[in-house]
Amino acid sequence: MMNALEMWSNLGSVMAGLMFAWAMFKQYFPPQLRAHIEAYAQKAVGYVYPYIHIKFPEFAGERLERCEAYAAIQNYLSATATARAKRLKAESVKDSQSLVLGMDENEEVVDEFEGVKLRWSSRLVVSQNSTFSFYNSSKDTRFYSLTFHRSHRALITGSYIKQVLEKGKAVAADNRQRKLYTNNLSSNWHYYKSTKWSHVAFEHPATFDTLAMEPSKKREIMNDLLKFRRGKEYYKRIGKAWKRGYLLYGPPGTGKSTMIAAMANFLNYDVYDLELTTVKDNTELRKLLIETSEKSIIVIEDIDCSLDLTGQRKTKKQEKDDDEEKEDPVKKMAKDREDSKDSKVTLSGLLNFIDGLWSACGGERIIVFTTNFVDKLDPALIRRGRMDKHIEMSYCCFESFKVLARNYLGVESHPLFTTVRRLLEETKMAPADVAENLMPKSDDEDEEACLKGLIGELEKAKEDARKKSEEEEEEKKAAAAAAAEAEATAATRAMAEKEGQQKLSEGCAKEVKENGFR
Ligand SMILES: Nc1ncnc2c1ncn2[C@@H]1O[C@H](COP(=O)(O)OP(=O)(O)OP(=O)(O)O)[C@@H](O)[C@H]1O
Ligand SMILES: [Mg+2]
């Protein structure tokens, strides 16, 4: 029996022989003949060789664009297989917030799917072209190669590759640097490139953990968001576009904008902050919205102030004015000029976008309106189906205070909490004001000092509210007294007039009686 050393040396000789034959073959055979021989050789090998290779190049197409599949496989392997690879390569990938760890060139890993083993290898083919060019620095090509037994062809080319691409895209989405977009003035739009939105990295630190809100309400919103995110199949089944509208309403400083940031961080979505007052008309609105990407939250803050969306239905006076304009061309021109200065996005334009166009775009999208005055909004805008969930952001309750105390002071409980609780039940203070009072003003201000400061402010707010309600009560009383007095004066005057009338008619009657009609 051959010993191991002998076997290796024999194998080495065979390899050396093969390499020599290959070099001779490349040197002495003309390229066309070589291609023929190679094709036949591959066919012959195919009869006996039981494995299939699939190649996923990094760049493809006429313009050599980066292939989505390559990127997805890179992400998939970075998340699943690199734990097993020994040589890794760290790359910074566009739009990714951290480095992507991939296999180094010519490294291999084994993956398993439904009990079937398959092999991924990362390959780099170095260009043979040694001519110097100013324009093309490298013709090296990278690709991933997947190898598996031909008996599993259907399984691998069907389900396995599909799940690799899906998982890879999900990893990319999680690792993506999210963006905050704001709309540009249409005068700065260029038709040949996408300039409707400007963006910066979205790095708001708010999360549902740091959001001060009643825990049960918070949980309800989080569950609603999760249900929406997982609802692709559900929305498809019920024939509804995959979108959801939220209306956040409440007084200033109660956390509406903070909630939007927490939602975006929770879902890992981009945020499109749409400033409606700079949008000229419904057409522009449509163009802007069609350019938003999926997995995004489209935000219209202070919807009541953005436009006159509160009451688009014409009042009697507007109808009369319109009739007059139809008759008077000068008036009409003046009105047109006035209108062209203002934004002309209308309620119906916005509703069409929510119901129609947006639904056709597909992809998961959330739209959020915020307002301080929910009663001012047109009911058509906020009816269920358009704004599916109405969330009231209200003044600070004790539960919310506890979250803020944990965030700002790092305390879970304190003897002064009882006083804070009583005062919060007796007076209204927005979380923004509570938070402001919990922030130490100097280095030597400890948690007790901050809590005392807050208690002082709450007592002051309570006193102010008491005074205000007293003043209002006084004003009401004064108004009632004035009304009563005016009523009494009017009654006296009426009485006097009546008496005067009576006297006059009595006098007349007497005169007639004495003198008769003349
Ligand atoms: N519920 C909350 N939880 C945590 N922090 C809050 C909350 N509400 C307000 N704050 C703090 O107060 C600041 C202002 O809050 P925010 O801008 O979210 O209020 P808003 O409701 O959007 O007000 P406005 O109606 O004026 O736009 C935030 O930066 C945050 O620090
Ligand atoms: Mg706000």
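Quick reminder: no glycine exception, Cβ is built from N, Cα and C everywhere.
What TrEMBL lists as transmembrane segment is 7-25.
Looking at the domain 'AAA+ ATPase' (242-397) alone, the prediction's average pLDDT is 79. Here TrEMBL flags 242-397 as domain 'AAA+ ATPase'.
Residues annotated as region 'Disordered' in TrEMBL: 314-339 (among others).
Summarising the annotation, TrEMBL assigns compositional bias 'Basic and acidic residues' to 328-339 (among others).
Residues or ranges marked as region 'Disordered' in TrEMBL: 461-518 (among others).
Tertiary proximity for the compositional bias 'Basic and acidic residues' (461-478) is limited to same-chain residues at least six positions away from its ends with a CB under 8 Å from its CB atoms, namely 423, 426-429. Under the heading compositional bias 'Basic and acidic residues', TrEMBL lists 461-478 (among others).
Marked as compositional bias 'Basic and acidic residues' by TrEMBL: 508-518 (among others).
Per DSSP, the compositional bias 'Basic and acidic residues' (461-478) is made up of 18 helix, 0 strand, 0 coil.
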